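Among the features that TrEMBL reports, transmembrane segment is placed at 39-58, 98-123, 143-164, 198-218, 230-255, 312-329, 336-357, 363-381, 388-412, 465-485, 506-533, 553-578 (among others).
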Amino acid sequence: MPDINVMQILINFLSLSAFYGLFAVGLALVFGVMKVVNFAHGEFFMMGGYALWLLLALMPGVPLWLVFAGALVIGPLVVAVMGIVVEKAIFEPTSRDAFGGFIASLGLSYVLQALVVMAFGVVSKSLPVMIPGQIQILGGTLTWQRLVVILCGVVMMAALWYFLARTRAGRAVRAASQDRNAALLQGINLRRVRMMTMAIGVAMAGLSGVLMASVINVSPYMGLEAIWKAFIVVIVGGLGSIPGAIVAAMLFGLIDSIVTTIGYGQYVIIIDTVIMLGVLTFFPRGLLGREAPPLDQGQVQRDQFMDGRVCVGLRLALVTGFVAALVALPLMASQYYTGIGILFLINLILVISYRTITTMGGWSFAHITMLAIGGYTTALLQTRLGLSFWAILPLSGIVAMGVALLIAFPVMGTRQFYFFLSTFAAGEAIRQCFIQFRGTFGGIEGIPFLSPPEDLFGLSFYDPVNYYFLALAVCIVSGALLWVFDRSRTGRTIKAMSENENLSAAVGINGLALKMLAFCVGSFFAGCAGSLFAAYNGFVAPTDFTAQFMFKIIAAVIIGGTRTFWGPVIGLVVLTVIEEALTGANQLVPLFWGLIIIFTVLFIPSGLEGLGRRILRRLTAGKPAPATYQGGNDASRA
């Protein structure tokens, strides 16, 4: 049993709680007033870290403590100005569409990452200890650097409390967070309150980045792990609840301190996620959270009532032409483009199955994890049991569906942002399992030496052309089954339920069961896609299933729209073309993807498919057709 140093646990608890609280409270404050989760909060944390690094580079020879003190002032101020610009450019235009603002902030996070990569490179920056030295307290070691983190956390929490409780501007912020309409009637300028809140929230993230820059390496992706922790804290504490965020920060500060001190720090992400899921099982709104506000559907509600008959002949021609193009690709293109086509078809299964999940009114950020589960299931069953690929393919989907069911039990009782963020955390925890449990999953190196499917009807799937047609066949079958499910009575009920869960429950519809069904059905096909992915690559590793991969799936659905299956298909085609056009300049890919997402949310909220339908409707305005309502949310604004 490892030695337990109680004093060291206490010191680590104080420093971790201060950091978690400082970072997460800013996120909770923004949500409390603006009713939107800022996914780019982690990138503002990253900007604070780079502010310190830049000051060090620009001021050689200046004492480190003086540079650090300057960064503690300059960093948060610069980040606050950036936050005001973002609020005016993105969050104010989407103020009536909280989920649209959230998705736009997701795009913004990748834009900021790409810009930093282009400006400073992808290599992490190692900073010196800004305040060297340490003291011993009853056997525990407290560095001066950690002491500064603790003091800054305490001072900032006290200052925030004073601002909110004792100042006129702070009372306006509290009033806006409780009831925006009542605040308007009292003469409160909500625009000014929103800008002030955004500036304070991101400044706290920037301050956290400055404080932690010399503790962890500064890199363009340092905000991703930080935002994961912030999501865990605000979910457990309750979205929009500052006291809840502080309580949760202290809870996870204590847990992480104990786990790290006894030598199991590599399992922190997994342990914290399990605790989060346990809390959500009994407290769907977090420990101190309020019910998440309903998401205003705005333009979506109008887009749903469209011509349901839109030229059947044109639709049939599009389907026929698209399938014909897919069939012709490997026969006319080089082996390189055949490989691109195989990956496109696997991604196509992912996006259309993801669209099925969005019809329930919720978005899962664990869909790429279901792809990973399918891939690892294939690898384990092939290398350990020697099963045939043809048996493994459906089993991969079944295993992914089973894992989705386990995740669904605690998270399906939540609503809206709780669901989005909890699946993000759960997906990362599962990916960490692949990394940490080396004996089973091979660690970061993964599982190599996988074989393609066995010959079928004399066809060898070592041949890329044959493998392409296998992927095409699985894609067509998957699309057909998902289309039948979508058009079935159950599928229509799921979409109707997503419009108003309370009304659905009042008429006897079991919304929880329907949401779990949609989640599991989509996950099944993602698992099957994972089996194809692993067999094609010949190995499976955690690095294959990154946040950027998940971002690509979400971006395809947002850009294309989800009223029908054509939306995600169109979006995926656009993203694939951009990705291939920028071959050799990979750092630009997330930049363009992020910019397109922001543009889509701001100007084409129903996606490219919705834009095409509106254009077609105008062209055929002289030939009216009876409109049919098919229910469901447009996932770009669900």
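Note that Cβ sites are derived from N, Cα and C of the backbone, with glycine treated the same way.
Listed by sequence, the residues of this chain that lie at least six past the ends of the transmembrane segment (143-164) yet keep a Cβ under 8 A from its Cβ atoms are 11, 14-15, 17-19, 21-22, 25, 29, 72, 129-135, 170-171, 173-174, 200, 204, 207, 211-212, 214-215, 242, 246.
Proximity of the transmembrane segment (198-218) to the transmembrane segment (506-533) is not established, fewer than 3 Cβ-Cβ distances being under 8 Å for residue pairs spaced 6 or more apart. At the 8 Å Cβ threshold, with sequence separation of at least 6, the transmembrane segment (506-533) lacks contact with the transmembrane segment (553-578), having fewer than 3 such pairs. Within its own chain, the transmembrane segment (98-123) has Cβ neighbours under 8 Å at 34-40, 42-43, 46-47, 50, 86, 90-91, 219-221, 223, 227, 293, 295-296, 298, 416-417, 420, 548, 551, 554-555, 558, 587-591, 593-598, 601-602, 605, 636-638, counting only residues six or more beyond its boundaries. Residues 23, 26-27, 30, 64, 67-68, 70-71, 74-76, 78-79, 82-83, 86, 102, 105-106, 108-109, 112-113, 116, 120, 125, 127-128, 130, 201-202, 205-210, 212-214, 218-227, 230 of the same chain lie 6+ residues outside the transmembrane segment (39-58) yet bring a C-beta within less than 8 angstroms of a C-beta in it. The highest tally of CB pairs under 8 A with the transmembrane segment (336-357), across 230-255, 363-381, 465-485, is held by 465-485.
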